[in-house]
Amino acid sequence: MKKELYGLVVCGGNSSRMGTDKSLINYHGKPQRYYVYEMLEWVCDKVFISCNRGQATSIIAPYQMLADQPELENVGPMAALLTAFSTYPDKDFLVVGCDYPLVTTKDLKEFEKGLDREQIASAFYNEENNMYEPLLAYYSEKSGIEIQRMYRENQYSLQHFLKENNAQKHNPARPKNVISIDTPEDFEIAKEKIRLKNQL
């Protein structure tokens, strides 16, 4: 029997460059955090929205959430995984940030299909920058122990974790979808791309 895969939508905090909470931005007719959640439902057995304490009060049913533990306030996206693995230590997680509005369900399905579940981790890979995308990634239960060790040593970089552990690299079929939207200018461009795509 195939091991369960849990999905984690990473909200992130208030973006200084965007000037707002990126998880609340509407690209597809609803806040991005709910759109990503619904995409992950096609791929995962169970899905959670990872958020900080301030965001937790605004997440509505039927969406399930995992609020960051209070002591993890200043460790960035790693907080999402530390909270997830402390709650479900024997689960594997597929993690998607709210920064990637062009990523589709098809992109996530292809990623999941190509996963080697024996690997400690796997992530979308940006060949142009030679960088992993830590918030478009798979983290096995084995990675939970390693991430907790890094946290104890005050190392909070998921990029560093993926490189150190030689995580499986996923080269997406549509690399142009893997673009992080971080500024109001980026938002306008992404919104227009989505509008044109929906007209096809």
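Cβ atoms are placed via backbone N, Cα and C, with glycine included.
According to TrEMBL, the protein has these features:
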{"type": "BINDING", "residues": "V10, C11, G12, K22, D68, D99", "note": "GTP binding site"}
{"type": "BINDING", "residues": "D99", "note": "Mg(2+) binding site"}
{"type": "DOMAIN", "residues": "7-164", "note": "domain 'MobA-like NTP transferase'"}
V10 (GTP binding site) in three-state DSSP notation: strand
Helix, strand or coil at K22 (GTP binding site), per DSSP? helix
Within 10 Å of the Cβ of D68 (GTP binding site), how many other Cβ atoms are there? 23
Under 8 Å by Cβ from G12 (GTP binding site), same chain, sequence gap 6 or more: D21, K22, S23, P77, G97, C98, D99
Tell me, how many other CB atoms lie within 10 A of the CB of K22 (GTP binding site), whichever protein chain they belong to? 26
Taking the residues the record says bind GTP (V10, C11, G12, K22, D68, D99), how far apart in Å are the two Cα atoms that sit farthest from each other? 19
Which secondary structure state does DSSP assign to D68 (GTP binding site), in the simple three-class scheme? coil
